[in-house]
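Some notes on the structure that comes next.
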Amino acid sequence: MRRIIIGVTGASGTIYAIDLLQKLAQIPEVETHLVLSQWAKQNLALETGFTLKQVQALADVAYNINDQGAAIASGSFLNDGMIIVPASMKTVAGIASGYGENLISRAADVALKEQRKLVIVPHETPLSVIHLENLTKLARLGVQIIPPIPAFYDHPQTIQALVNHQTMKLLDALAIPNHAAPRWQGDGVTK
Ligand SMILES: Cc1cc2nc3c(=O)[nH]c(=O)nc-3n(C[C@H](O)[C@H](O)[C@H](O)COP(=O)(O)O)c2cc1C
C-alpha cells in the first residue's frame, strides 16, 4: 500500500486535482489523504461542476484545513509523498518560509523536514521575482516543481487531454505506473 497526501489550494486549476484523485482512486494499492484550503473550495465551485462531497469521496481520508492535529500534520505519519495541486503563490510562500499556518503548509513543512517526496504544481502567471525565488528555494531543497504546462506534440483536442498530460507527469513523479496520456515515442527519424 502506498500513501499519498494531496493538498489543493485556491489557485486556478482545481480540475487537475480532481483528475489526479480520479485516477488514483482506480489504483487499489494507493491510499489518498486529501485536504482542501478554504479558497480551493471556492474555486472548486467557481471552476467545476463538482461538489466538495464528490471530491472528498474520491479520497480514502479527507481532512479539515484547520485541523493541525490531523495525522498528516505529524512526521510520524509515514507516507510516500505529498502533492500540492494546484499550488497558490501564497501557499508556496508559506512553505518556502516554513510558515505552517494551515494543514497543507504544515504537512508540506513535515515533508521537507522528514526529507520525503514533495511535488508542487504552481499556478500563476506572470510570475514575480518573489514567486520565482520561493520556487527556486524549494527546488533547491529537492521539491519537484511541475507547473501545469500543456504539451502539443500529441495534438490534444480536448481540455481533458491537456489535463491527462499533467496527471501523467504527477503520477510519473510519484513513480506510479500509468497510461494517463500518450507518451512521446520519438520523431521516427533514423540514421
Ligand atoms: C478565481 C480565483 C483564481 C485564483 N487563481 C490564483 C492562481 O492561479 N494563483 C495564485 O497564486 N492565486 C490565485 N488566487 C488567489 C488565491 O486563492 C489566494 O491567494 C488565496 O489566499 C490562496 O490561499 P490558499 O493557498 O490557502 O488556498 C485565485 C483566487 C480566485 C478567487
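Note that Cβ sites are derived from N, Cα and C of the backbone, with glycine treated the same way.
The domain 'Flavoprotein' feature in TrEMBL is assigned to 3-168.
A C-beta separation below 8 Å, combined with a sequence spacing of at least six in one chain, links Ser12 (FMN binding site) to Asn43, Glu47, Pro86, His123. Positions annotated as FMN binding site by TrEMBL: Gly10, Ala11, Ser12, Ser37, Ser88, Met89, Lys90, Thr91.
Within its own chain, Lys169 (dimethylallyl phosphate binding site) has Ile146 as residues 6 or more apart in sequence whose C-beta sits under 8 angstroms from its own. Under the heading dimethylallyl phosphate binding site, TrEMBL lists Tyr153, Lys169.
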Measure from each Cβ of the binding-site residues Met89, Tyr153, Lys169 to the atoms of ligand 1 and list the residues where some distance is under 6 Å.
-> Met89
Helix, strand or coil: which one is Tyr153 (dimethylallyl phosphate binding site) in, per DSSP?
-> coil
Binding-site residues (Ala11, Met89), the one with most neighbouring Cβ atoms at 10 Å = Ala11
How big is the FMN site in terms of the longest C-alpha to C-alpha distance among Gly10, Ala11, Ser12, Ser37, Ser88, Met89, Lys90, Thr91, in angstrom?
-> 13
Measuring Cα to Cα, tell me the gap between Thr91 (FMN binding site) and Tyr153 (dimethylallyl phosphate binding site) in whole angstrom.
-> 32
How big is the gap, in Å, between the Cα of Gly10 (FMN binding site) and that of Tyr153 (dimethylallyl phosphate binding site), rounded to a whole number?
-> 30
